[in-house]
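Trainee: Heads up, here are the entries from Swiss-Prot:
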- 9: active site, nucleophile (ACT_SITE)
- 9, 11, 174, 178: Mg(2+) binding site (BINDING)
- 151: substrate binding site (BINDING)
């Protein structure tokens, strides 16, 4: 079965490493190679939609999954997979003193991002928000969003919308927030991915981050991905 769609994470996957925001030239060239081969490329990121669309424009990508699956921009139309008001829980989280809000939160709707200030931040935030919310780390920030949605849910929605089997979708990621999309499709984890991401993926490539993405694209274009 041939891959039809490539869903790529951004931070830690298209970057030089998992602790920088600098994009990898090798990853960008691989992304262009994938796009030019006929694959439909989708950017899947924890970032807010406005930021994601801006980055996507410069990457030559049209379709975006933003806020860890809460929002999807497909063929020029934005779809919301979440509902609710995050302002109250946002105030509760900030009141712990364990985090500071990301500047992007002003432009976010459902997935709120926070910079941790203390140890065990995940546990502290989970304790105050209770059930009904997902709290996890991307390696760049702590993310809090309504339960029931992640990148995997978004990829599944995308497949139904485009009438494509999830077996014909290759996903590439590096962190815990990518687990959903790595497990629901033909997942490829870069070499320096978290253990959870590696466990969820079908394949773990040797190279890290951007170089790993290049390796993943070569695997996909060779025909060795999206196989039974």
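Backbone N, Cα and C define each Cβ position, glycine as well.
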Trainee: Let me know the DSSP-derived helix, strand or coil state of residue 178 (Mg(2+) binding site), please.
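Mentor: It is helical.
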Trainee: Between the residue listed as 'active site, nucleophile' and the residue listed as 'substrate binding site', how far is it from one CA atom to the other, in Å?
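Mentor: Roughly 10 Å, rounded to the nearest whole number.
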Trainee: Helix, strand or coil for the residue listed as 'substrate binding site'? Use DSSP.
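Mentor: The residue listed as 'substrate binding site' sits in a helix per DSSP.
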Trainee: Including all protein chains displayed, how many Cβ atoms other than that of residue 178 (Mg(2+) binding site) lie within 10 Å of its Cβ?
Mentor: 33
Trainee: Can you check which residue among the recorded positions 9, 11 has the largest number of Cβ atoms within 10 Å of its own?
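Mentor: Result for the most crowded candidate: 9.
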Trainee: What same-chain residues, at least 6 away in sequence, bring their CB to under 8 Å of the CB of residue 174 (Mg(2+) binding site)?
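Mentor: Counting only residues 6 or more apart in sequence, the Cβ neighbours of residue 174 (Mg(2+) binding site) under 8 Å are 9, 11, 12, 13, 18, 139, 189, 190, 192, 193, 194, 197, 209, 212.
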Trainee: Give the number of CB atoms, excluding that of the residue listed as 'substrate binding site' itself, located within 10 Å of its CB.
Mentor: 27
Trainee: Cβ within 8 Å of the Mg(2+) site's Cβ centroid: which residues qualify beyond 9, 11, 174, 178?
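Mentor: Going along the sequence, the neighbours come out as 10, 12, 13, 45, 46, 138, 139, 172, 173, 175, 177, 190, 193, 197.
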Trainee: Taking only the Cα atoms, work out how far residue 151 (substrate binding site) lies from residue 178 (Mg(2+) binding site), in Å, as a whole number.
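Mentor: Rounded to the nearest whole number, the Cα-Cα distance is 6 Å.
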Trainee: State the three-class DSSP label for residue 9 (active site, nucleophile), counting H, G and I as helix, E and B as strand, and everything else as coil.
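Mentor: For residue 9 (active site, nucleophile) - judged by DSSP and reduced to three states - the answer is strand.
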